[in-house]
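J.: Handing you a structure now.
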Ligand SMILES: CCCCCCC[C@H](O)CC(=O)SCCNC(=O)CCNC(=O)[C@H](O)C(C)(C)COP(=O)([O-])OP(=O)([O-])OC[C@H]1O[C@@H](n2cnc3c(N)ncnc32)[C@H](O)[C@@H]1OP(=O)([O-])[O-]
Ligand SMILES: NC(=O)c1ccc[n+]([C@@H]2O[C@H](COP(=O)([O-])OP(=O)(O)OC[C@H]3O[C@@H](n4cnc5c(N)ncnc54)[C@H](O)[C@@H]3O)[C@@H](O)[C@H]2O)c1
């Protein structure tokens, strides 16, 4: 995270931002991704404020961060459990929660949004925070597929808006795509040398695969045959079927004739039944708590 904070700082060309030290990070959205981003930012010494709509959601997020840290520590401090406990305590002390986004950004250096994959809601959030956050604050979106420039246009600081596309689960995935727009000028560039296309990069285009066969066979096939750590159905449950639906609906809007983005009756049925994947304990597969 420190590396990316440096990269963002180095790349934003406006003088107001250039000498910004990224210390205070506000994450809006304490779901799968927001909680993971908060964990990584707090683990690298940043002071983090995690925002969501209710205290219950935030309590669940903090519990998730703690259990994830325990998994990290089991490996990182295997021969020194006491230091592991200290590490967890220190990281958790770096994270505070707030249900009031306005109060949570008053001293932010970097705001990362990881809320629902809906452009209007993201634009409204960016527009609102733009009035509340300090002049120097950088805004970043963790969106999987929506154009950063459309979010930046909802603010008075398009030169300090970018994408920070983390991958799930954040504490385990080394890739973060730093997405620039024409307004971010300067040297801000995507660290991931890849084609920029709907959904940012070719990484996503490979997630969208046309499959024929049982979900189990396809997942096993992609794991054993393509060396994937998870098959496409397992991964879709892991990402969240609602998020997958937001993304593919967005891509279909842009390219209605692309057969890759044809609507999936099964996906639409599962989402309409609230079967969102791992986060709701049922999607393509069933999960235990
Ligand atoms: C159609 C639209 C498509 C676009 C979708 C867009 C989505 C989005 O924009 C892009 C993405 O993210 S795409 C998604 C990109 N992401 C992918 O493709 C992910 C692919 N999957 C993987 O890389 C692996 O399955 C995992 C790393 C998730 C799990 O590893 P595994 O080996 O299969 O099994 P394991 O036994 O579970 O874990 C082993 C050990 O790892 C550690 N650990 C694990 N989770 C942890 C956590 N949360 N915290 C801390 N630690 C965690 C832990 O030490 C654990 O040991 P333990 O003794 O159990 O504590
Ligand atoms: N799930 C993934 O694998 C993955 C990976 C990379 C990027 N993303 C992107 O990250 C974002 C979040 O995805 P997720 O899987 O964490 O979703 P999620 O549903 O797990 O979490 C979203 C959280 O945002 C909160 N929220 C929604 N609107 C809000 C608002 N106005 N103010 C404050 N909180 C609000 C919700 O209460 C929820 O807790 C999406 O844009 C998604 O495309 C997802």
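Glycine too: its Cβ is placed from the backbone N, Cα and C atoms.
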J.: From 78, 96, 144, 149, grab the residue that TrEMBL records in the same NAD(+) site as 29, 30, 31, 32, 33, 34, 52, 117, 122, 168, 279.
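T.: It is 144, as the record lists it for that site.
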J.: Radius 10 Å, atoms counted are CB only; among the binding-site residues 29, 31, which position scores highest?
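T.: Sorting the candidates by Cβ neighbours within 10 Å, the top entry is 29.
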J.: With every protein chain in view, what's the tally of Cβ atoms within 10 Å of the Cβ of residue 68 (CoA binding site), excluding that atom itself?
T.: 20
J.: Could you tally the C-beta atoms, other than its own, that fall within 10 angstroms of the C-beta of residue 52 (NAD(+) binding site)?
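T.: I count 24 other Cβ atoms within 10 Å of it.
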J.: May I ask which residues of the same chain, at least 6 positions away in sequence, place their Cβ under 8 angstroms from the Cβ of residue 122 (NAD(+) binding site)?
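T.: Correct list: 113, 115, 141, 143, 146, 151.
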J.: So among 29, 68, 75, 144, all listed as binding-site residues, which is physically nearest to residue 165 (site 'Important for catalytic activity')? Use the C-alpha atoms.
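T.: The smallest Cα gap between residue 165 (site 'Important for catalytic activity') and any of the binding-site residues is with 144.
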J.: Going through the binding-site residues 29, 68, 75, 122, 144 in sequence order, which have a CB under 6 Å from an atom of ligand 2?
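T.: Those binding-site residues that pass the cut-off, since their Cβ is under 6 Å from ligand 2, are 29, 144.
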